[in-house]
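Database features (TrEMBL):
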REGION    1-31  region 'Disordered'
COMPBIAS  20-31  compositional bias 'Basic and acidic residues'
DOMAIN    81-199  domain 'MTTase N-terminal'
BINDING   90, 126, 160  [4Fe-4S] cluster 1 binding site
DOMAIN    222-451  domain 'Radical SAM core'
BINDING   236, 240, 243  [4Fe-4S] cluster 2 binding site
DOMAIN    454-517  domain 'TRAM'
Ligand code: SAH
Ligand code: SF4
Ligand code: F3S
């Protein structure tokens, strides 16, 4: 823990055990008094999170801790109580939710999907675009009546939005019924924070602007038994000019290879069929470790583990090296689907985005991948309407999408994020133009997806069956190695297995088929 974190922590009032009983008796009265108390508290000692501080990359080593425990007195705090966590962000956020659920379950809480039943509600937020933030503020508003009905309910806001001072200030000013705000580097402090919120008088705010260490042995309550996420690194040092993530998630920190491999082995032994290695920029894996070991080496080691499917996300084109391509080309459990965000097809726009590659170098990389893995499916992320993007520059994006032949793409209208360099740029592109561009791009992506799907008609594919289809319980649903959704008729016993399915009909975003054989041969 660094000096600043120590300082911030000391600002959080430790509940005095002697106060606890009387606090409990008087909880409702105290909660009414809360606003007076906390105004005093925030006027005297509160320090808001700071995106500016978050930007500084320290040289100090990241320590790995293996000694996480939940203090004895906090283990029973949740017994007979229920929790609900809403997740708004990316896979990493989803995985953080699994960790927080794991911690709460160890404290005795059980999960519920009903807001009315919950004793603690956490909103695990995302700051990537403005609409993600608006959704969260909408939800905070909806929760207010629940709090009025049940003053003992704990409402917490965590995730990437909590790292932004503007968000914390807005909650402090306008949503004082929120009990708890904590950041992405404070998840392991959840037991202490919940205790604080339960017995303390003020809103509990603990957001470390600088990243913490790596905590290895946090509990996890994984969402399913078939697919699992595995963090391989945290943070991002790329600082693309439009992006808030390097501020909300801190500097790049890689987990040690042996810890990752042990987790994957454990998942394999538990019967998981697919893992996804997670990081904001997984290709930077290992750069911060003092060893000559990168993502290619890690994938090569994981390749030898007996787990049928291994994916990874998200790749940055800049760090995608030959070693990784060579390892991926071995196939086996390493799947030939690569998600490779391009953001724009114009070298000029890429430059202002600080992506540090050009249209040409991206296309060269795609060529290399295609040469080594001729059947690889490529998907991408694209931003339209970056400040001052011209029609010609947008056309370059369309032509790149065609040239690469992406089979799917997440497409976004640029959203200014306070504190990032792009948010300070003047922008001459009207919103209607941005919307039109998005629509044209989506039409092209849909067309390419439909064409790729069409090729599967009549073919037999391996499908990892995840469960019943959302629309029809008589139909099963799962994904192919290249991540195509398949709906098919088959026995319920196929759930959790990899089976062969014959594709009869292709749609734009999914395939329909029938099972032709029980479990498929798995290498
Ligand atoms: N680390 C990943 C991206 C994480 S965010 C990567 O570099 O690929 C997921 C996607 O959100 C990005 O790829 C980008 O397309 C989009 N995005 C990020 N910031 C954005 C912003 N300010 N406005 C619109 N889209 C944004
Ligand atoms: Fe954001 Fe760029 Fe980092 Fe991706 S690589 S998280 S887009 S800064
Ligand atoms: Fe959103 Fe944070 Fe993920 S901003 S995309 S939840 S890293």
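Each residue, glycine too, has its Cβ placed from N, Cα and C.
Applying DSSP to the domain 'TRAM' (454-517) sorts its residues as follows: 4 helix, 35 strand, 25 coil. In this structure, of the binding-site residues 126, 160, the smallest number of CB atoms within 10 A of the CB marks 126. DSSP assigns residue 243 ([4Fe-4S] cluster 2 binding site) to coil in the three-state reduction, placing it in neither a helix nor a strand. Counted within 10 Å of its Cβ, the other Cβ atoms near residue 90 ([4Fe-4S] cluster 1 binding site) come to 17, all protein chains included.
The secondary structure of residue 126 ([4Fe-4S] cluster 1 binding site), as reduced to three states from DSSP, is coil rather than helix or strand. Within the set of binding-site residues 126, 160, 243, 243 have a CB atom less than 6 Å from some atom of ligand 1.
By the rule that a residue counts when its Cβ sits under 6 Å from some atom of ligand 3, the binding-site residues 90, 126, 160, 240 yield 90, 126, 160. Confidence for the domain 'Radical SAM core' (222-451), expressed as mean pLDDT, is 97. Using the Cβ center of 236, 240, 243 for [4Fe-4S] cluster 2, the list of other same-chain residues with Cβ within 8 Å runs, in sequence order, 238, 239, 242, 244, 245, 246, 280, 281. When the binding-site residues 236, 240, 243 are compared by Cα distance to residue 126 ([4Fe-4S] cluster 1 binding site), the shortest distance belongs to 243. Of the recorded residues, residue 240 ([4Fe-4S] cluster 2 binding site) and residue 90 ([4Fe-4S] cluster 1 binding site) place their C-alpha atoms 17 Å from one another. Under 6 Å, Cβ to nearest atom of ligand 2: this is the test, and of the binding-site residues 90, 160, 236, 243 it is passed by 236, 243. All protein chains included, residue 243 ([4Fe-4S] cluster 2 binding site) registers 22 other Cβ atoms within 10 Å of its own Cβ. A gap of 13 Å separates the Cα atoms of residue 236 ([4Fe-4S] cluster 2 binding site) and residue 160 ([4Fe-4S] cluster 1 binding site).
Counting every protein chain shown, the Cβ of residue 240 ([4Fe-4S] cluster 2 binding site) has 22 other Cβ atoms within 10 Å.
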